[in-house]
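> I have a structure here, written as structure tokens, and I will follow up with some questions on it.
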């Protein structure tokens, strides 16, 4: 645990000198503020406003994960070809786990800022609703952090960002009839569909059972896939020779 904390602290100090920290603060504030400003002058129904906000956040999340993971890993390459993580650390598992944990927690902070600011200005739903929203966003996207770390190490920042763009487009399509029955198999669609069910439960409490079943099912799938993905990626990182696949 002490080794993990030292590695975590080291990564945090490195990130403080990059754009990663500012991205996690500025973008949430700007996005939430823009939504509140627009909704203050729009005639949308409360349900439509809430659904629109959560859909945009959920759709944009894969792209942000791709960008953040790409920048974080690119920083390692610029610092010596990722040799600090591969050669100059006592445990590759600790180095990799620290990187994932820090990025995930920074993402959680960013989501809490975004949702928190919106909640202050949009009090139509109770606080518990927003707490559930944050939980869904982070659990549903946990596997994407693992996937994008892997892609960033293997193929570089451009590939991670490109994948994030594709995932955001897929998550938008998953809101349509194309996603019905298929979204379970699309990690990038989990958060947008689950948050839609959350809004449905709030708007149609008489039919809440259906939405609750789908949310529980989706979260279980997300947790299982993330757990397996982390275990597989950790084993891969322990054996990786440090070369990008396109070299």
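Here the Cβ of each residue, glycine as well, is placed from N, Cα and C on the backbone.
Feature table excerpt (TrEMBL):
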TRANSMEM  21-41  transmembrane segment
TRANSMEM  53-73  transmembrane segment
TRANSMEM  100-121  transmembrane segment
TRANSMEM  127-147  transmembrane segment
TRANSMEM  159-178  transmembrane segment
TRANSMEM  215-237  transmembrane segment
> Looking at the transmembrane segment (100-121) and the transmembrane segment (21-41), are there 3+ C-beta pairs under 8 A, with each pair at least 6 apart in sequence?
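Yes; at least 3 Cβ pairs under 8 Å.
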> Could you pull out which residues elsewhere in the chain have a CB under 8 Å from any CB of the transmembrane segment (215-237), counting only those six or more residues past its ends?
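Contacts with the transmembrane segment (215-237): 92-93, 96-97, 100, 136, 139-140, 142-143, 146-147, 149-150, 153, 184, 187, 190, 193-194, 197-198, 201.
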